[in-house]
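Enquirer: OK, Swiss-Prot features for this one:
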| type | residues | note |
| --- | --- | --- |
| BINDING | His136, Thr137, Lys274, Asn283, Arg292 | substrate binding site |
| BINDING | His166, His211, His266 | divalent metal cation binding site |
Amino acid sequence: MLSKQRVVITSGEPAGIGPDLVVQLAQQDWPVELVVCADPELLRDRAAVLRLPLTLREYQPGTDAQPQQAGSLTVLPAHLAQPVNAGELCVDNSHYVLETLARACDGCLSGEFAALITGPVHKGAINDAGIPFSGHTEFFAERARCERVVMMLATEELRVALATTHLPLKDVAASITRTTLHEVITILYQDLQSKFGRAEPHIFVCGLNPHAGEGGHMGREEIDVIIPALDELRQQGMKLTGPLPADTLFQPKYLQHADAVLAMYHDQGLPVLKYQGFGRAVNITLGLPFIRTSVDHGTALELAGSGQADAGSFKTALNLAITMIKSSNE
């Protein structure tokens with residue numbers, strides 16, 4: 001039952017719009033209990049600035065979950081190193097940001113929480129604090145000891161997963177191997193089944209090169225790597241179409257049949273999805289032993305505390321996590 005489920009939320013960079021969005025989430029009822037890992041004073045201060053009602057209660061492990069009521073939040077406390085001014089980064093709070101991610105992740109791994117929804121973090125501030133950090137996806141993979149996870153962004157109409165994520169373009173081709181494709185496509189296929197309720201997922205796969213290599217005249221990765229990998233996976237019963245040129249694949253005649261698209265690199269697939277659904281897209285990490293969704297935007301420091309931040313993507317991420325919980329329990 002959803003009413004017996006808890007999800008954990010991290011508000012992200014404290015100087016950004018994450019705390020604003022969490023306060024906005026609290027203004028409506030939810031069918032699950034929302035537990036926010038954050039500094040309680042940060043949430044109180046931001047609610048006061050936004051002039052929105054907010055009652056906080058401290059999270060008590062071992063108690064029964066209660067569906068969320070408008071105007072209230074359950075808080076799993078973490079404490080800032082320095083006071084926060086909305087819109088002003090302070091690298092001293094970077095350890096606080098990572099502490100919230102670690103505690104939320106550990107709670108999901110232990111079964112304490114049914115899903116994790118993350119607000120936007122500021123990668124630059126964390127790295128400026130001397131902490132190597134490339135993103136949520138890699139952080140959770142390392143903490144959960146997963147050798148491979150897959151980044152996927154989704155709207156209501158389109159899901160795009162990535163064979164590679166945060167790599168310089170010059171390193172992409174060398175990272176596309178048969179082993180990589182086997183692992184990525186297997187995770188994508190299995191999570192479409194278990195977390196999205198797709199019994200026989202149909203995955204469309206982009207080529208790496210222009211025109212998918214043009215028969216080897218514009219690169220041989222399709223011939224030497226991608227096609228053999230797809231053929232091997234088809235022999236396992238997977239329904240795969242491709243490799244197709246990306247400028248051909250992202251058309252309605254193909255997308256209407258696709259449960260997901262696999263792009264070879266970050267900027268091959270995500271610009272199309274974000275153009276189609278920015279503000280409504282959700283970032284999902286596949287391959288983790290728990291459900292993780294996230295907003296599709298950044299910290300928007302200039303909007304923090306202004307009341308102008310749009311909680312649409314956060315609400316969509318939370319709603320998708322709830323839907324995935326349902327599918328996982330069926």
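Any Cβ shown, glycine's included, is placed from N, Cα and C.
Note that the structure is predicted; figures quoted are calculated from it, not measured.
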Enquirer: For His266 (divalent metal cation binding site), which of the three DSSP-derived states applies: helix, strand, or coil?
Expert: helix
Enquirer: Would you count the other CB atoms within 10 A of the CB of His266 (divalent metal cation binding site), including those on all shown protein chains?
Expert: 17
Enquirer: Using the alpha carbons only, what distance in Å do you get between Thr137 (substrate binding site) and His166 (divalent metal cation binding site) once rounded?
Expert: 10
Enquirer: Name the secondary structure element type, per DSSP in three states, that contains Asn283 (substrate binding site).
Expert: strand
Enquirer: So if I measure Cβ to Cβ from His211 (divalent metal cation binding site) and keep only same-chain residues at least 6 apart in sequence, which ones fall under 8 Å?
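Expert: In sequence order, the residues whose Cβ lies under 8 Å from that of His211 (divalent metal cation binding site) (at least 6 apart) are Met218, Pro245.
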Enquirer: Return one of helix, strand or coil for His136 (substrate binding site), based on DSSP.
Expert: helix
Enquirer: Once near-sequence residues are set aside, which residues in the chain of Arg292 (substrate binding site), 6 or more away, have Cβ atoms under 8 Å from its Cβ?
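Expert: Listed in sequence order, they are Cys108, Ala115, Leu116, Ile117, Thr118, His136, Phe140, Ile284, Thr285.
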Enquirer: If you count other Cβ atoms within 10 Å of each one's Cβ, which of the binding-site residues His136, His166, Lys274 has the most?
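Expert: It comes out as His136.
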Enquirer: Within 10 Å of the Cβ of Thr137 (substrate binding site), how many other Cβ atoms are there?
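Expert: A count of 23.
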Enquirer: Give the sequence-ordered list of residues that share a chain with Asn283 (substrate binding site), lie 6 or more positions from it, and have CB atoms under 8 Å from its CB.
Expert: His136, Met151, Met152, Leu153, Thr293, Ser294, Val295, Asp296, Ala317
Enquirer: Measuring Cα to Cα, how many angstrom lie between His166 (divalent metal cation binding site) and Lys274 (substrate binding site)?
Expert: 17
Enquirer: Taking DSSP three-state, what's Lys274 (substrate binding site) in: helix, strand or coil?
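Expert: Lys274 (substrate binding site) sits in a helix per DSSP.
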